[in-house]
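**Q** Can you keep this structure in mind? I'll have questions shortly.
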Amino acid sequence: MKKPINVVVVISGSGSNLQTLIDQAAAININITGVISNIASAYGLTRAAQANIPTQVVDHTQFSDRTAFDTALMVAIDSYQPDLVVLAGFMRILTPALTKHYTGRMLNIHPSLLPKYRGLHTHKRALEAGDKEHGATVHFVTEELDGGPNVIQAIVPVADSDTEASLMEKVQEKEHKIYPQAVAWFAEGNLKMEHNKAFLMGEMLPPTGKRLPNDSSLAGTKQANN
Ligand code: GAR
């Protein structure tokens with residue numbers, strides 16, 4: 001097995017996606033070297049501390065503008081020497097200087113089937129539009145907000161009875177499958193971004209990214225590889 005890659009996870013909240021990465025770190029061959037939050041009370045920091053992972057808070061309210069915040073964030077991230085930076089519920093918009101610095105080595109998870117519903121309130125917007133399908137996407141981060149090339153998506157059927165809360169829960173359940181999968185591919189050296197396109201094992205991924213089959217219960221790292 002290859003040497004584990006160093007991963008830094010950046011959060012703003014509960015950190016349930018962080019938790020799945022902590023739980024699967026050995027299986028997917030990653031070493032989470034640091035967790036950074038812009039919110040001091042984020043529960044994800046507790047999860048990291050419980051797993052003995054170093055943490056830092058970079059509080060955006062302490063900076064005069066986005067550039068100053070992003071500069072401090074970059075210093076914090078780079079202090080953990082990441083091969084990959086994973087945004088997991090990080091709720092700040094990043095400057096082009098920061099996204100350029102991490103080109104091809106920063107992933108984000110977004111609670112919609114991108115390019116649908118970039119930005120906030122995705123579950124509400126899907127319900128209001130009467131969508132029959134909703135979901136989550138892992139994508140490479142570029143300077144375009146929620147606009148970098150897609151890596152993998154999971155679809156969630158929307159039931160008539162769904163509320164924002166029930167939909168969020170179903171989507172998060174899928175997130176916890178697709179994020180470890182995408183990170184595993186990266187750690188294996190099989191996932192790359194070149195010229196603003198995502199490649200898996202040398203093959204360009206379609207605009208949707210890979211699709212996690214509806215009934216899949218991904219346990220290993222290879223199952224969505226086909
Ligand atoms: C996740 O559902 C993620 O998709 C979303 O925040 C949640 C974080 O949950 N991210 C965004 O909305 C980014 N624009 P978690 O803290 O429990 O992992």
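Positions of Cβ are set from backbone N, Cα and C atoms, glycine also.
Please treat TrEMBL annotations as automatic predictions, because they have not gone through curation.
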**Q** What does TrEMBL list, out of Arg47, Arg66, Arg211, as binding the same (6R)-10-formyltetrahydrofolate as Met91, Arg92, Ile93, Leu94, Asn108?
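**A** For the (6R)-10-formyltetrahydrofolate site that includes Met91, Arg92, Ile93, Leu94, Asn108, TrEMBL also lists Arg66.
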**Q** Would you kindly give the Cα-Cα distance separating Arg66 ((6R)-10-formyltetrahydrofolate binding site) and Asn17 (N(1)-(5-phospho-beta-D-ribosyl)glycinamide binding site), rounded to the nearest Å?
**A** 25
**Q** Pick the one among the binding-site residues Gly15, Asn17, Arg66 whose Cβ has the fewest other Cβ atoms within 10 Å in this structure.
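**A** Per-residue Cβ counts within 10 Å for the binding-site residues Gly15, Asn17, Arg66 bottom out at Arg66.
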**Q** Whole-number Å only: compute the distance from the Cα of Gly15 (N(1)-(5-phospho-beta-D-ribosyl)glycinamide binding site) to the Cα of Arg66 ((6R)-10-formyltetrahydrofolate binding site).
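**A** Their Cα atoms are separated by 23 Å.
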**Q** Determine, from DSSP, whether Arg92 ((6R)-10-formyltetrahydrofolate binding site) sits in helix, strand or coil.
**A** coil
